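Noted in TrEMBL for the protein shown:
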- ASP14: active site, nucleophile (ACT_SITE)
- ASP14, ASP16: Mg(2+) binding site (BINDING)
- ASP16: active site, proton donor (ACT_SITE)
- ASP25, ASP100: substrate binding site (BINDING)
Amino acid sequence: MASAPAPAVVVVFDFDRTIIDWDSDEWVITKLGAADAFQRLLPTMRWNPLMDRMMAELHARGKTPEDIRDCLRSAPLDTHVVSAIKRAAALGCDLKVVSDANTFFIETVLAHHGALGCFSEIATNPASVDADGRLRISPYHDSAAAPHGCSLCPDNMCKMHKTKDVLTLCRAR
C-alpha cells in the first residue's frame, strides 16, 4: 500500500495574538487576579521562569488547573480564525503551531474550539500539573545546554530555528 502524499501546503501559526486575540499568559494572570504580582516580578525575571513563578502564585491563591482552563476557554478568539484553521485542515494542509506559550494553554484553547486535531505539531514550552496540583511551565529547550544565538527570540524558544526545521523537513519530502 502506498503512503499518503505529503501535504503540498504547510501553515505555521503563532498562538498569542494570532490564533487568540491576546497574549495567553497575560490573559490568565490578569483574569485570575495576579496582575499585581506579575507587574512586581516582570522587571526581575525572564519570561519563561516568570510564567512558571506566576503559576505558583496562582496556586498559592487557590487557583487550580481547572480554573486556568476555564479562564482560557473565555479568551477572545475570532471565529474566522477557527473557521480558517478547520478549512485549511479539511483541504489537506499540514498545520503547525510554533509558539512561546505552553502546551496546557494552547491545547486547552484549541480543544475548546474543536481545532486541536487540525494540527500535526505544536512546538511550544511544555506544561504539566505536578503532584501538588500546580501547573508547571518548562522551557522548550535548555538555553544553557544549547544556546540558539538568536537575538530576536527569548532564550527558551527560538521560533526562527524551529520554523527553519519545519521548512527543511518540507523540502526533504
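Every residue gets a Cβ built from N, Cα and C, even glycine.
Where the annotation comes from TrEMBL, it is an automatic prediction and has not been curated.
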Next on the checklist: Using DSSP and collapsing to three states, where does ASP16 (Mg(2+) binding site) fall: helix, strand or coil?
Outcome noted: coil
Checklist outcome for this item: Reduced DSSP state (H/G/I helix, E/B strand, rest coil) at ASP25 (substrate binding site) is helix
